[in-house]
Amino acid sequence: MLLVAGLFSVAYGAFVLTATGQQADDDALRGATAFLDSDTARAAALSFLNQLPLISGIVALVALLAAAILRRDLQAPIVAALSFGAAVGSTQVLKHLVLVRPNLGISEATGNSFPSGHTTVATSALIAVFLVTSPRWRPLIATCGGLYAAVTGISTFALGWHRPSDVVAAYLVAGFWGLLAGLIILRRQPGWNRWKGPDSSWSSSGIWPTLLWFPGILGFLGSAAVYLFVTHLGPTAGTSARSWFLVAGALLIIGAAGSLFGLLCGVFSHQTRGRAPLS
């Protein structure tokens, strides 16, 4: 959790408080705005995003209710639900009451948008589902959660709603509360975490963490490489440059989403082996 909180502080300091970070963020946002100039495509995507909080909330609610019924226990679902609420609430507090975006002459949009509320809702909902999932299903659910979070983040960024750093910050807020809730669940209910090991089912195969960490690491490396290319070696102006900045921002989001859910999968893979719980 301290690592996640530290990374949040680093992201805020690097992308919001410095001119270089603000410039990189806004270059990516301008690239997204230039790329999605079709009203039809924008309207369709916006319709999806408008329903995202409701969809994510329903998914989490169904999963938490199912976990409570199958396991005949309310403690873990309640803790997971509280982590969802804490993530969503703290994002709004941080964005509107705590954090500020200094006007460094980079962009006309000087209002703080760090972190992204839409992305926090989607990510924290999937983390809540992950927390109450049977251990043998967690690797698969983590992979689905990483994909869902990445799609949500890229959509929010590509539509010009948020800068890439806003999305990354949302992942970190959701991850912080998810880790805290998970540790509480495991400490108070160790029986919740019993399973037969990673080879007990296809859903717990080691391929799932690989599918998270591989694009996660490549996303970070690719984003840095593309950004350095376009700023030092490639085109410096025009549509071509904006497209490269769009790619760099999308890769950063993919890297953050994959790494977050890879971390969750790794932390909660240290289960106490024994009789597997009800699925």
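Using N, Cα and C of the backbone, Cβ positions are placed for all residues, glycine too.
Caution: TrEMBL annotation is automatic and unverified by curators.
Taken from TrEMBL, the feature domain 'Phosphatidic acid phosphatase type 2/haloperoxidase' applies to 76-182.
Annotated transmembrane segment per TrEMBL: 48-69 (among others), in sequence order. Tertiary proximity for the transmembrane segment (48-69) is limited to same-chain residues at least six positions away from its ends with a CB under 8 Å from its CB atoms, namely 76-77, 80-81, 84, 118, 121-122, 125-126, 128-129, 132-133, 152, 155-156, 159, 161.
Positions annotated as transmembrane segment by TrEMBL: 76-94 (among others).
TrEMBL lists 114-133 (among others) with the feature transmembrane segment.
Annotation comment: TrEMBL describes 140-161 (among others) as transmembrane segment.
If you look up TrEMBL, you'll see 167-186 (among others) marked as transmembrane segment. Taking Cβ pairs closer than 8 Å, the transmembrane segment (167-186) reaches residues 1, 4-5, 7-8, 11-12, 75-76, 79-80, 82-84, 86-87, 90-91, 94, 114-120, 123-124, 127-128, 130-131, 149, 153-154, 156-157, 192-193, 252-253, 256-257, 260, 263-264, 267-268 in its own chain, all 6 or more past its ends.
Cβ atoms under 8 Å from those of the transmembrane segment (207-230) belong to residues 24, 139-140, 142-143, 146, 236, 241, 244-245, 247-249, 251-262, 265-266, 269 of the same chain, restricted to positions at least 6 beyond its ends. Annotated transmembrane segment per TrEMBL: 207-230 (among others), in sequence order.
What TrEMBL lists as transmembrane segment is 242-268 (among others).
For the transmembrane segment (242-268), the residues of the chain that approach it from at least six positions outside its boundaries are 24, 27-32, 34-35, 123, 127, 130, 135, 138-139, 142-143, 145-147, 149-150, 153-154, 157-158, 163-164, 167-168, 171-172, 174-175, 178-179, 182, 186, 193, 208-209, 212-223, 226-227, 229-230, 234-235, judged by C-beta separation under 8 angstroms. Per-residue pLDDT, averaged along the domain 'Phosphatidic acid phosphatase type 2/haloperoxidase' (76-182), amounts to 91 for this model.
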